Amino acid sequence: GRIGRLVARVALQRDDVELVAVNDPFISTDYMTYMFKYDSVHGQWKHHELKVKDEKTLLFGEKSVRVFGIRNPEEIPWAEAGADFVVESTGVFTDKDKAAAHLKGGAKKVVISAPSKDAPMFVVGVNEKEYKPEYDIVSNASCTTNCLAPLAKVINDRFGIVEGLMTTVHSLTATQKTVDGPSMKDWRGGRATSFNIIPSSTGAAKAVGKVLPALNGKLTGMAFRVPTVDVSVVDLTVRLEKEASYDDIKAAIKEESEGKLKGILGFTEDDVVSTDFVGDSRSSIFDAKAGIALSKNFVKLVSWYDNEWGYSSRVIDLICHMASVA
């Protein structure tokens, strides 16, 4: 899917990780090449010439990447391809038992690119230091949790969060419908994406309590799916323990964005809109002009994220962190 392809794009642009193999049981190698090369959101791939060497090998410039088309994860020969880390981005194998099938093929670690009900969840910049080498299967949480958690961490560390509600205004994704169609578990989710604002559930705010235990039970939220193809925005409305002016809050976020959270949390005072963040690799970019305070204890904070590119960048960051700890 899109995250798998974009994780591959991110990996190929970085020196600290090597892409050695991809698995997709549903498409041919030449179609895989086409899907990788042309992207309606992120544009054409321009970094290496991409060629099909044969049906089991892609060439990115001189670099060869093995291609598998195996449906059952335990049959994929990851070890033979030299893969240490597998990114499980099908959206199907999101619990530990299912994702563990990759280990049977010789992978050493599996990173699930979705929230997981039972795998340890990590948000880079927030709790990745709690990763231990004995964890073989981990989750990179969701794109929205990756946007919300760094912001919530800064606010909670500096001012304390009594409680909060989050809304994400979220671009459409592949699970939605182009025209009205059946969606048994989520009736609204079956409505046409291109001209509806669709209220939806999200576990992203509650999941912050898993990566930041101090906030467990203090946050919840919902989503509106809107007809944009990429980039989403979190609205976090919180009650603060310590009184703070909006300028105090801005200053704290700016300081963290230039310090420990540089590259993860951004800060802007420009008059930005969503397309300004297409291709932004940061998890969360605080929009200082969009937020507003009602009082010294009650404030609405707004933060943007490229829910595809930013998230895919964090998948690779998490892998690099895991490798450094091993």
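Note: Cβ is positioned from N, Cα and C throughout, glycine not excepted.
Noted in Swiss-Prot for the protein shown:
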- Arg2, Ile3, Asp24, Arg71, Asn307: NAD(+) binding site (BINDING)
- Ser142, Cys143, Thr144, Thr173, Thr202, Gly203, Arg225: D-glyceraldehyde 3-phosphate binding site (BINDING)
- Cys143: active site, nucleophile (ACT_SITE)
- His170: site 'Activates thiol group during catalysis' (SITE)
Please identify, from the binding-site residues Ile3, Cys143, the residue with the sparsest Cβ neighbourhood, meaning fewest other Cβ atoms within 10 angstroms.
Ile3
State the Cα to Cα distance, in Å, between Ile3 (NAD(+) binding site) and Arg225 (D-glyceraldehyde 3-phosphate binding site), rounded to an integer.
18
I need the nearest neighbour of His170 (site 'Activates thiol group during catalysis') among the binding-site residues Asp24, Thr144, Gly203, Arg225, Asn307, using C-alpha distances.
Arg225
Counting other Cβ atoms within 10 Å of each residue's Cβ, which of the binding-site residues Arg71, Arg225 comes out lowest?
Arg71
Ten-angstrom check, please: count other Cβ atoms within 10 Å of the Cβ of Thr173 (D-glyceraldehyde 3-phosphate binding site), all chains counted.
18
Reduced DSSP state (H/G/I helix, E/B strand, rest coil) at Arg225 (D-glyceraldehyde 3-phosphate binding site) is strand
Under a three-state reduction of DSSP output, how is Ser142 (D-glyceraldehyde 3-phosphate binding site) classified: helix, strand, or coil?
coil
Round to the nearest Å and give the CA-to-CA distance linking Thr173 (D-glyceraldehyde 3-phosphate binding site) with Arg2 (NAD(+) binding site).
9
Across all the protein chains here, work out how many other Cβ atoms are within 10 Å of the Cβ of His170 (site 'Activates thiol group during catalysis').
23
Among the binding-site residues listed here, Ser142, Asn307, which has the most company in the form of other Cβ atoms within 10 Å of its Cβ?
Asn307
Can you name the residues of this chain that are 6 or more positions from Gly203 (D-glyceraldehyde 3-phosphate binding site) yet have a C-beta less than 8 Å from its C-beta?
Pro115, Ser142
